[in-house]
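First comes the structure, then the notes that go with it.
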Amino acid sequence: MDDSAPRSGRATFAWLVGASQVLGLTSVVLTGVWMGHYRGGFAWDGSAQEFNLHPLCMVLGLVFLHGDAILVYRVFRNEAKRNVKMLHGIIHLLALIISIIGFVAVFDFHRQSKIPDMYSLHSWCGMATLVLFCIQWVMGLLFFLFPVASSWLRASYLPIHVFCGVALLVMAIGTSLLGITEKLLFSIMSTYSLFTPEGVLANILGILLMCFGVLLGYLITREEYRRPPNPEEESLSVHFKTLTEGGSPTTP
């Protein structure tokens, strides 16, 4: 959808993006309220309060910021691609740093509390998501932001990079839902069926995370929200004309 698109279409896009931000930010805030109000707050001393940083950092980093880093290609689809790639990489780097802090917090809590590491499905999925997220960021850095690979390799890897970014967002949301379920099972299962405020808040958080993922998936996959081709980008190496004769450029 370019500048000549109907005004109603642009308004719809703006509303959808705004709704995604409301859902994402509300998820982060509710996670903070859950851990801060119902679970005793935050600290960095190996206590349960340090553990509380883990879900907050995961939702903020691997879900909200990760989703927004993908979304910049739709929101700024008419801006210079180099600038959008820089913003994409910076937001992903911030998400990675915050997520690592969250992982350090939970491992530190386990060590202080003599709790085994990596025993649950949630921890396995979380570690896989973080490791793959790190690889994805490094590959994006080397292939697109500061490219060291050939044009052919970059064009070949582009659809893989795009798919992996969306897949990792799905994995992050799924892992967060697993974490919410585990927290409910171990912390408040005896009162969960009584519709306690903490249990209701956790349920709402799970629904918001799913809605955030669904809405981002819609925005990312709609063809009219993709970057329109422009003459400046015809000279860039990341396009599929270099692969097959007569091919047309493809943008993430």
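These residue numbers are counts, starting from 1, taken along the chain as shown.
Any Cβ shown, glycine's included, is placed from N, Cα and C.
The domain 'Cytochrome b561' annotation in TrEMBL covers 19-221. The transmembrane segment feature in TrEMBL is assigned to 12-33, 53-75, 87-107, 127-146, 158-180, 200-220.
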Open item on the list: At a C-beta cut-off of under 8 Å, are there same-chain residues at least 6 beyond the transmembrane segment (87-107) that contact it? List them, or none.
Closed with: 44, 50-51, 53-58, 60-62, 65-66, 68-70, 72-73, 76, 117, 126, 130, 133-134, 137, 140-141, 145
TODO: Summarise the model's confidence over the domain 'Cytochrome b561' (19-221) as a mean pLDDT value.
DONE: 95
Task: Tertiary contacts of the transmembrane segment (200-220) (same chain, 6+ residues out, Cβ under 8 Å) - done: 13, 16-17, 19-20, 23-24, 26-27, 30-31, 33-34, 38, 59, 63-64, 67, 70-71, 74, 166, 169-170, 173, 176-177, 180, 183-184
